[in-house]
Amino acid sequence: MAPVSDPSSFSSLSKCATKHLNLIYHVDFDRHVLKGKVALTVEVLEDKFASLVQFSFGSSKLSLCFGQHVIVEIEYETSPSATALQWLTPKQTAGKKHPYLFSQCQAIHCRTMVPCQDTPSVKHTYYAQVSVPRDLVALMSALHDGQEPDPNDSNRVIYRFRQPVPMPSYLIAIVVGALESREIGPRSRVWSEKEYVDEAAFEFSETETMLKTAESLAGPYVWGQYDLLVLPPSFPYGGMENPCLTFVTPTVLAGDRSLAGVIAHEISHSWTGNLVTNRTWEHSWLNEGHTVYIERMIARSMESEQLRQFEGIGGWKELQESVKEFGPNNVLTNLVTNLHEVDTDEAFSFVPYEKGFALLYHLEELMGGPEVFMGFVKSYIQLFAYGSVTTEEWKNYLFTYFKDKVRNNSLLDWNGWMHTPGMPPVKPQYDTTMADACTALCQRWVKAKEEDLASFTEADVKKLNSPQLIEFMALLLQEEPLPLSHVKKMQEVYQLNSVKNTEVRFRWLRICVRAHWEEAIPLALKMATEQGRMKFTRPLFREVYNFSKYSDEAVKTFKEHRAALHPVTSMLVAKDLKIDG
């Protein structure tokens, strides 16, 4: 393995490596802290090694001196403002009776929850014991290993967990709440508050089929259990691939294709991300680009090649929007980024997902099609399983695997793809069969004069399925804002205000705000605050803020709801709205 330098971590990566964590947690809802003890089993990698530097608890450095081979024990307590943790009051939950805790460690927040080597290049197993109030249930990104009354407090229960597969610290996860579960497959349960659990069990009924499809593509699933947890609405992401327990936003419980995409994506991470991991976050496209590629191969196997092509078109649009948001010359739109002095949360975008997928799809076109290229991806996973990898190592293996087809470096413009900001140097050729109807309807609206508006009818959208309706909206968002008369007519004939699908509703409200339809402002701000998924919350706040008449209203609404948002979401929306300096 190449020497490690991780600009997002202060831990001593070349000197030692954590092999195992033994965690003991006491969850204190009154003080919003985890009181804990951790024993780190550390392997020394240098002969004259004298100290271990762990970066933990925000910005303090902890140095410990010792000899050659040790177990380091640390007793500690997290801060109430630890960015890995969100503590919810009972009124922020569905049940309204009990508090709730969940973690989100990716990319570099585990340091606020556990003293650890907070880099994806270090992988370790872990064991945990978690004491919680007896009315609540604890879950972790690990296999359940039993439970027992807490011998020190009859009002508490201790849950035990073991994770025998080595994994990076950002995949440590904990949740505590009034949780129930339903079995949805031979190795899967879905967990949530009881108010959501039956709906979730119905929505996630295809999980085992997806798992088997992924195994047929990528190899055996090594994590044992694959459970899903539906979180409260403030969870900031669509999903999080915590091993054995995928975290999912409740915004996908809308009975449409977007849910299947989220679950297929998180399942795919079981191979690319969790089993084979980017060495540092500068190479995050290795996690996300390959995961999107496998996710869309699952769609191809379970649905059709046309759907995979259609999702590729939608992904290209997401990439265009990210590049536009950052600016086409911003180095954070490079596929391989430089994260020195950069906050990884601020660098987060669709770029590694969709620029990464576009590169892999383009290579697929060059190398002989999906079956041939998926063979490479599977082989790459087998070679680097249980370890971490850099872009250079990936590229070298690509050249080795396809040695008969790749004779030199001129296969494609590597610098243009990897180290140049903006859109990729080549746009893949996608089959537009499913997209053509969306494009045609979009253009009808864009070109329509006032006298043409009567020609639009409900039948226009009845022909479109949910992914096509989302694509139609996404196309409109790439155009100049529609006149207000057009948007009002669209509501009249399509009744979009009553659509429950969050992906459709999100785009529709942005179209309304851009057209300066003032009646849409409270609807947009309501959606921005009633859930906290950053994909929806940030753009909705930005759209209202950019409507100058309502800029102050956007700021006021954000400040009123700030305490209920996840710490990372709150920080990024504040920057979007130019608050906090």
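Backbone N, Cα and C define each Cβ position, glycine as well.
Note: TrEMBL annotation is automatic and uncurated.
Taken straight from TrEMBL:
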ACT_SITE  Glu266  active site, proton acceptor
ACT_SITE  Tyr353  active site, proton donor
BINDING   Gln104, Cys105, Gln106, Pro236, Tyr237, Gly238, Gly239, Met240, Glu241, Arg533, Met534, Lys535  peptide binding site
BINDING   His265, His269, Glu288  Zn(2+) binding site
DOMAIN    433-577  domain 'Peptidase M1 leukotriene A4 hydrolase/aminopeptidase C-terminal'
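Recorded features from TrEMBL, shown on the structure.
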{"residue": "Gln104", "record": "peptide binding site", "Cβ within 10 Å": "25"}
{"residue": "Gln106", "record": "peptide binding site", "Cβ within 10 Å": "26"}
{"residue": "Tyr237", "record": "peptide binding site", "Cβ within 10 Å": "22"}
{"residue": "Gly239", "record": "peptide binding site", "Cβ within 10 Å": "24"}
{"residue": "Glu241", "record": "peptide binding site", "Cβ within 10 Å": "23"}
{"residue": "His265", "record": "Zn(2+) binding site", "Cβ within 10 Å": "22"}
{"residue": "Glu266", "record": "active site, proton acceptor", "Cβ within 10 Å": "25"}
{"residue": "Glu288", "record": "Zn(2+) binding site", "Cβ within 10 Å": "23"}
{"residue": "Tyr353", "record": "active site, proton donor", "Cβ within 10 Å": "23"}
{"residue": "Met534", "record": "peptide binding site", "Cβ within 10 Å": "20"}
Practice prompt. Any same-chain residues 6+ apart from His269 (Zn(2+) binding site) with CB under 8 Å of its CB? Would you list them in sequence order, or say none?
Written response: Glu241, Asn287, Thr291
Item to complete: Based on Cα distances to Gln104 (peptide binding site), point out the closest of the recorded positions His265, Glu266, Glu288, Tyr353.
Response: Glu266
Worksheet item: CA-CA, which of the recorded positions Gln106, Gly239, Tyr353 lies nearest Glu288 (Zn(2+) binding site)?
Response: Tyr353
Response to the item:
Same-chain shell around Zn(2+) excluding His265, His269, Glu288, C-beta within 8 angstroms of the CB centroid, reads Glu241, Glu266, Ser268, Thr272, Gly273, Asn287, Thr291, Val292, Glu295, Tyr353
Worksheet item: If you measure Tyr237 (peptide binding site) to the residue listed as 'active site, proton acceptor' at Cα, how many Å is it?
Response: 11
Discussion item. Measuring Cα to Cα, how many Å separate Gly239 (peptide binding site) from the residue listed as 'active site, proton acceptor'?
Written reply: 7
